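Student: Next up is a structure, given as structure tokens.
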Amino acid sequence: MHEMSLVQGLFEQLKSLAAENNATRIVKVTMEIGPLCGVVVDSFQFGFEILSAQEPMFKETELVIEVPEVTYTCTSCSQEQVTAGERPDQCGNCGEFLLTTRGGDDLLLKQVEME
Amino acid sequence: MCDSCGCPSPSDNHDHSHDHDGHSHSHAHNHEHGHDHNHSHDTATKTVDVRTSLFAANNAMAQANRDHFDQIGAVALNLISSPGSGKTTLLEHTIMALKDEMKIGVIEGDPETDRDAQRIRAKGVPVVQLTTGGACHLDAAMTHKGFHLLEKEPGYAGVDLLFIENVGNLVCPATFALGEHERIVLVSVPEGPDKPAKYPKTFGTAQTFLITKTDLLPYFDFPLEEARSEALKANPSLKIMELSATTGAGFDAWLDYLRDLVRTKKGEKAA
């Protein structure tokens, strides 16, 4: 459950943002969770719900999660395949098994709406 | 600048908690008096585009750790595996084989107890036990704190090779850089050859894959070739080694790999 500690870090950042902008409540948070970033979306949501219930600033805060795609590139012929995250068994062009990945490995705080 | 050691901090303009209790989050210094202004705000909403990574703070601290290790010419290795795959046993044997050639230090991470540190201390090298209080991984701030504690250990006289034994867990540690130069993932023969396919993030971010307890191969269904090819699918550039701490099989290659890392680091520092 490292998601919980990531949500704690997020809340510290949101509190700073609120203070900078003279806001007292976070209305909506948009996150981008890469399918390869090692964070389980359900666990992140669960951690967000548990921790947000404990602070007035996060009362009824809406959490929006976007999941970016991942590009797999063949190490032999450089053919690219874009998926929702799952690794293709092999290159669709030449059948090579070894593929490198690009994207989908970060956890981003994209946008915050506050009042 | 880090107050306790003078080593570079990732940022000088916000508060760090690394001197306190090893938590990774930084405390925003300006939120606690927010209630002073409650009367003046209106209800207009404001939208701010942020686009910052939640890993950014940890990654910056990890880079500061790595810079510090580079500065002192030390190789730092992050050992990741399930509980019971043989990390501590591997370290015990490795220390006995190498401690006369190089200065070794160990940072041990566990949810509770200092049993691993006691085992390492018995081999005669400086060691620090970090207990995470139940947390499932080490992070860069804990590592920073751990290294400073290591420097204060009796018998510490610098370090050429620093082992950071992560909390036994094949999932969560993969997300947190510590400042290591290489990340080593271990799978023991009884765990089965399907681990690389099941834990692609861990294998994808590692440089080296170590298959341990190979003396048990006759008793378990563990096709080495399958484990190797699954691991390469998760990470085409992975180095793969097999060994048994019990029989010593494969140990020479492992020790040579460590010697090479240390030699290369010393060369970089001299250059």
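Cβ from N, Cα, C; glycine included.
Residues or ranges marked as Ni(2+) binding site in TrEMBL: A:H2. Taken from TrEMBL, the feature Zn(2+) binding site applies to A:C74, A:C77, A:C91, A:C94.
How about a rundown of where these features are and what they're close to?
Tutor: The number of other CB atoms found within 10 A of the CB of A:H2 (Ni(2+) binding site), across every protein chain shown, is 24. Secondary structure from DSSP puts A:H2 (Ni(2+) binding site) in a helix.
Non-local contacts of A:C77 (Zn(2+) binding site) by the CB criterion (under 8 A, 6+ apart in sequence, same chain) comprise A:C91, A:N93, A:C94, A:E96.
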Student: List every residue in the same chain as A:C74 (Zn(2+) binding site), at least 6 positions away in sequence, whose Cβ is under 8 Å from its Cβ.
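Tutor: Correct list: A:E80, A:C91, A:N93, A:C94, A:E96, A:L98, A:L99.
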Student: With 8 Å as the upper Cβ-Cβ limit, not reached, which of the binding-site residues A:H2, A:C77, A:C91, A:C94 neighbour chain B?
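Tutor: Among the binding-site residues A:H2, A:C77, A:C91, A:C94, the ones whose Cβ sits under 8 Å from a Cβ of chain B are A:H2.
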Student: A 10 Å Cβ contact count, applied to the binding-site residues A:C91, A:C94: which residue has the minimum?
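Tutor: Each of the binding-site residues A:C91, A:C94 was scored; lowest Cβ tally within 10 Å is A:C94.
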Student: Give me the sequence-ordered set of same-chain residues, not including A:C74, A:C77, A:C91, A:C94, with a C-beta within 8 angstroms of the centroid of the Zn(2+) site's C-beta atoms.
Tutor: A:T75, A:S76, A:S78, A:Q79, A:G92, A:N93, A:G95, A:E96
